[in-house]
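I have placed the structure first, in the form of structure tokens, so that the comments after it can refer back to it.
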């Protein structure tokens, strides 16, 4: 997660002041067992699986399934058909000695039932299954502006049921899945999170990232560590001190709320563990690692402990990603992650995310988190925002901002100035680093409905007049139109530029007015008539 560059007059939220002191106080109070509170679905991966099964949103697959593409292919089709999450009990290649491991696919995919479309997302956050996008967003924003609840260390932890060290660890015997047939390796980490801490212990960062097993190596992984990510910033504190390695842990099957928060673009120097406590209303319980001073969730399924090398690297990738492409690029040199210890529950279950065309966790978790962060920042800067959403179908590349046109009218600004203000606020946050294209639209459009967003884009955007380009802003260097331009030598750095804000507001809306209504069933007919039609509908058109 990236450091925020704060321009003059940009009032970014500063949540969780004094968090380092709170963390130190909490770490001195140790209890001996895991509480009932931490057995709830949003704080316990096993409990989440049980709830999904009870709600017919999980399928237990006990047939033998190969970790070589088959588990991934099933999971990918689950995303694309909105099917229940698959739990693979019999993965070929599972280490018979250690029992590592079962696989859960699509942990935060969507449901087919429209009323419960966002249920898997809501369950991660302790919300009802029929929660709406606004409910989910408001929960995240309220949490960010609440008081942190620091973690509590425990002595007895399910994740310590099995401890493997040294030669007991052999990743070559694990069923680490190949997720796409052109991937450069098998990925153990696609829905797990890194844990690192600054040298002075003032900031602990939990962040989702992919992690690839280095073929043939029993105790080595590699993972991207990009300049804009918080893991990179933390690692720099160790490198600058002259340390040979950065202490590191990797959590798989952690508390669902923890994994969700690890995917959020929180500001730099905000420790995710306190945010998770605020989100859940109770402290997350953690346990100290065996080989370093890091703390990890006590009821995690599997935790890898080790070191991120300062000097050693390995080839990583390519891999099918959130944007829906699997480019046949050369692998990149990334840091070597050396493994010293593995702790895990009995019969551990590892979640996987098979990234690609929408909708998977790279859109549900990442997209919603980015939207919540941007909405909060816009509100705090007095921007006339009604709602913010990152449409899943836009592959986490569009941020759509619904504008309250009454508030807009009071600002007395033109389209060009509104776009400039939006970009100046959004693109200077970590969330904006991840969101390249911003669309501003009136609050008559339901921005959670992609068909309405496309309608507004097609009919309200005027080419040549309604777009403000930010050509020198830093951003995530993974956008296809930027990486391909670099490959063709059209640009030097895919992480600079390629960002814009588009105005989809028509001129009357800047005065707080509209001289139209949407020509649709909901808007173009009297309410009394639509109610009659809806009441009789099933008689004429039975489902």
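In case you wondered, yes, glycine gets a Cβ from its N, Cα and C as well.
Where the annotation comes from TrEMBL, it is an automatic prediction and has not been curated.
Feature list (source: TrEMBL):
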DOMAIN    49-140  domain '3-octaprenyl-4-hydroxybenzoate carboxy-lyase-like N-terminal'
DOMAIN    156-356  domain '3-octaprenyl-4-hydroxybenzoate carboxy-lyase-like Rift-related'
BINDING   205, 206, 207, 208, 209, 210, 229, 230, 272  prenylated FMN binding site
BINDING   230, 272  Mn(2+) binding site
ACT_SITE  321  active site, proton donor
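Positions of the features from TrEMBL, shown on the structure.
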residue : record                      : CB count, 10 Å
205     : prenylated FMN binding site : 26
207     : prenylated FMN binding site : 21
209     : prenylated FMN binding site : 18
229     : prenylated FMN binding site : 21
230     : Mn(2+) binding site         : 24
272     : prenylated FMN binding site : 26
321     : active site, proton donor   : 19
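DSSP gives residue 230 (Mn(2+) binding site) a helix state. A coil conformation is recorded for residue 209 (prenylated FMN binding site) in the three-state DSSP classification, outside any helix or strand. Checked against the residue listed as 'active site, proton donor', the binding-site residues 205, 207, 272 differ in C-alpha distance, with 207 being the nearest. Taking CA atoms as the reference points, residue 230 (Mn(2+) binding site) and residue 205 (prenylated FMN binding site) are 7 Å apart.
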